[in-house]
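Presented below is the structure to which this report refers.
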Number of protein chains: 2
Amino acid sequence: MSGKKAYNVAIVGATGAVGGKILTILQDRQFPIESLKLLSSKRSAGKKILFNNEEVTVEEATPDSFTGVDIAFFSAGGSISKKLAKKAVDAGAVVVDNTSAYRMDEGVPLVVPEVNEGDLKNHKGLISNPNCSTIQMVAALKPIQSAYGLNRVIVSTYQAVSGAGNAACNELEEQSKQYLNNEEMKAELLPVGGDKNHYPIAFNALPQIDVFGENGYTFEEMKMINETKKIMHAQELPVAATCVRLPFFTSHAESVYIEVNQDGLTVNDIWKVLDGAEGVILEDNPSTQTYPTPLSAANKDEVFVGRVRKDLDNKKGFHLWVVSDNLVKGAALNTVQIAESLIKNNWL
Amino acid sequence: MSGKKAYNVAIVGATGAVGGKILTILQDRQFPIESLKLLSSKRSAGKKILFNNEEVTVEEATPDSFTGVDIAFFSAGGSISKKLAKKAVDAGAVVVDNTSAYRMDEGVPLVVPEVNEGDLKNHKGLISNPNCSTIQMVAALKPIQSAYGLNRVIVSTYQAVSGAGNAACNELEEQSKQYLNNEEMKAELLPVGGDKNHYPIAFNALPQIDVFGENGYTFEEMKMINETKKIMHAQELPVAATCVRLPFFTSHAESVYIEVNQDGLTVNDIWKVLDGAEGVILEDNPSTQTYPTPLSAANKDEVFVGRVRKDLDNKKGFHLWVVSDNLVKGAALNTVQIAESLIKNNWL
């Protein structure tokens, strides 16, 4: 397929929060598209979406949708990927899957191009896009790992509701209005649509993202732990995560404690490797109150790092504050960047 | 003064967020009050406040306000405490100061009664109430420290705007309305009233509470670090903190990583010492999605702990989620409990 100038592209989940972002990003980055197929559930089929000023009608995604498709972006939830991603591969498409369905499968590359682009080389048609909270963390940690080694990661997250989709954004908006009007807040979705109980997110914090596993960690926490090791090629790296949903719409923030593998490093040494690192922007100056926030990072492509501090007790310890738009670099942009990398390297 | 049945009480900062809570708590707990003096800035003097169904007129706080006062609660900011607290002590009052003015001074007890009540015994008239984010953390850590020892603490906070006073609550409310109405948000106060720049808090997160010190940590972070060591009598305990302001009105939450001083402990061992600990309520059951949140802890007296997990790599490591009302146990209640302890132990 190499040498081809433009590609037949399909998007599964085109009407969702991430699908919409993928469309915008394909358009903004002038991705070389020969034809575009927008796929969704039966419910959303028939909708019309503008792409490059042309109306595209959304079709229902079926096992037969992928004939002639070169690249299929999947972001319609894990169960849809389980049902259709391998059909798409069988039909000859390369799938970039934005769900957790195949991320930890051996033989499925899990890729953040700035971190482990080389893992794409030997793909077998199916490539996974990592979890949003993982992507931004490994993008920030990679330059540090490369320069100084990494012995330990402990992260506490501050995650936006858009990670749970458009309906969660609506829920935050509605509950916020209810609260400000002294009305009772209606909680029907968060923390997890499919779980038993729902709690208000407006003016609150929910220490649960995705369902709980047997070990007391949530699936979101285990994703951060396991995906980080896979992407960074560091199975022995101790990673711990606590994931918390918060009442803002866009961008995840992360308070990250790391231990590097060298004594005597300074904040300057960390700044030096982050400043100018691919996809990373250093925003860190206490004297001017410069640090990234969810609002300042919204709709931007990069991963922003600030509040770099040396631990006061552990000579190898540092603290970072990492913020990125969870729908852009955390999802849609990274997905598109994977496809761009495949094309650039003739790995499609 | 021991043996006295009721006390002449003064509240400095009676019209503020914490002062108002102190009044409510004194009333609810039927604190033995002989006379009540409500003090404030000149600006608020003359206001009338109901206490036990009687109107009390707020007076301007001056160096001469404390004649005949037995117990003076200060919560009008550090500069007022610096100006007036020692005058009150000279006039014969015992001062419980809710500001950071004297907390780290040698000879000034810094007390959470459940943790280090004995430190009150040799007070010299001036007692400090710790920082809100510190109080709830040490209340949760003390039973663990006592049972198993404590080698390390790393905390990331999720703090309510009410910690910055009533004006900050108004700012969150106004900005939320502006955002929901598609108007520009006006930021005039947070993250820190006296600092140069102001950023919106509504639908955002600000990784700055209080001003920055030379070492890149904020004063809030250094308060958590230094106060924890003083209260827990653990000068050698490595404590690290990252403090973040979030868009909710009430309760601070904390993601706390600890290393205990014993191998082989289980989550059950941690649950055992937290369950029934004084002032602590364990709310931790993943199978029923039971965990504390800022909204669930609001207006309650206790410190709530959930999400207890064993670290997956460090045999001595555990993760906790600690939530408490920052104006109640984090400020007003602890202040009143200090006074109650002085009375109970004849240490006034």
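Residue 1 is the first one shown; counting continues down the chain.
Including glycine, each Cβ sits where the backbone N, Cα and C put it.
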For the NADP(+) site that TrEMBL assigns to B:THR15, B:GLY16, B:ALA17, B:VAL18, B:ARG43, B:SER44, B:SER162, B:GLY163, which of B:ASN326, B:ASN334, B:ASN345 is also named?
B:ASN326
B:ARG103 (phosphate binding site): secondary structure state under DSSP, collapsed to three categories:
coil
Applying a 10 Å Cβ distance cut-off over all chains shown, what neighbour count does B:ASN326 (NADP(+) binding site) have?
30
Please report the distance from the Cα of B:ARG245 (substrate binding site) to the Cα of B:HIS252 (active site, proton acceptor), rounded to the nearest angstrom.
9
What does the structure give for the C-alpha distance between B:ASN326 (NADP(+) binding site) and B:GLN159 (substrate binding site)? Integer Å is fine.
8
Go through B:ARG43, B:ARG103, B:ARG245, B:HIS252, the listed recorded positions, and name the one with the sparsest Cβ surroundings, counting other Cβ atoms within 10 Å.
B:ARG43
Mind checking which of B:ALA17, B:CYS132 has the fewest other CB atoms within 10 A of its CB? They're the recorded positions.
B:ALA17
Measuring Cα to Cα, how many angstrom lie between B:GLN159 (substrate binding site) and B:HIS252 (active site, proton acceptor)?
4
From the DSSP assignment alone, can you count helix, strand and coil residues within the domain 'Semialdehyde dehydrogenase NAD-binding' (B:8-123)?
36 helix, 32 strand, 48 coil
Starting from the Cβ of B:THR15 (NADP(+) binding site), draw a 10 Å sphere and report how many other Cβ atoms land inside it.
20
